Amino acid sequence: MDYKSGLIQDGNPMENLEKQLICPICLEMFTKPVVILPCQHNLCRKCANDIFQAANPYWTNRGGSMSMSGGRFRCPSCRHEVIMDRHGVYGLQRNLLVENIIDIYKQECSSRPLQKGSHPMCKEHEDEKINIYCLTCEVPTCSMCKVFGAHKACEVAPLQNVFQGQKTELSNCISMLVAGNDRVQTIITQLEDSCRVTKENSHQVKETLSQKFDVLYAILDEKKSELLQRITQEQEEKLSFIEALIQQYQEQLDKSTKLVETAIQSLDEPGGATFLLSAKQLIKSIVEASKGCQLGKIEPGFENMDYFTLDLEYIADTLRAIDFGTDEEEEEFIEEEDQKEEESAEGKEEGHQ
């Protein structure tokens, strides 16, 4: 209903219909066979084959050996990507309805007389139709202008010949441009794929790098806890020993203090008999207490903890030297480290001997 009403509202329905039957590639009325694309737009099969060949230059045409793989091109009307099988454009469905409409339209046009104004007229000779083309001035004109007018000294050619030539040239330019656009679109798609793959690869190597550093952090934390535990254990053993000595000396001090108090009280005894009864045992206890003062002791430097010092400079240098490298460089580095460890172990064994 909408299509029909549009034709009625138009001043020239046949002219409007002709516009609907123009191929977007050659800009002429569709030439049979007419093929319909998956996007429902129509093309002359020859035009479709031209842009398909331009977009897929390595695809063998129908005259040669058939390619086992298909190709793709973009609809010139809507830019929808059309994917072809190994038959190429010959695998597209023909639009018989459009072909029938073209036949009816041509029959209708041939049965109608040429209306005045349907053909451009010469401005200099109003009754003359423009029917030749001035090659010198590159403008269409009429026969009277060639014989008596401004173009009588110019080189001219039949209008239809120039018309067909320029239409063919324009169609070729359109095909080239469409094919170029397809190639540009292909490049854009490839670049977008490269961006996506680059992001995915970057994310993957970042995750791998973070995992490796997390392992290093865990090893360092574990080693730190181990070494701190050893220091704490040594500290507790030394403090226990010192505190035990303090306890022994404190007990000795308390015992000696009591003996001193007892001895002073004995000295205050006025009677010799009473004093002598306890003096001998008291003197013996004091002598024994004096000998007991030689309890355990700590050696000089006992409290020193310097032997827990670590030289981590070479490890720090190794960490600072961490960088991205090939697997071969990593293997060489590991081999060098193993060799250094072996040489160090051999040196220690020789020192013990």
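A Cβ is built for glycine as well, from the same backbone N, Cα and C atoms used for every other residue.
Now, the feature entries from TrEMBL:
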| type | residues | note |
| --- | --- | --- |
| COILED | 217-266 | coiled coil |
| COMPBIAS | 325-344 | compositional bias 'Acidic residues' |
| DOMAIN | 117-159 | domain 'B box-type' |
| REGION | 325-353 | region 'Disordered' |
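Across the domain 'B box-type' (117-159), DSSP helix (H, G, I), strand (E, B) and coil residues number 6 helix, 11 strand, 26 coil. On the 0 to 100 pLDDT scale, the coiled coil (217-266) averages 88 in the predicted structure.
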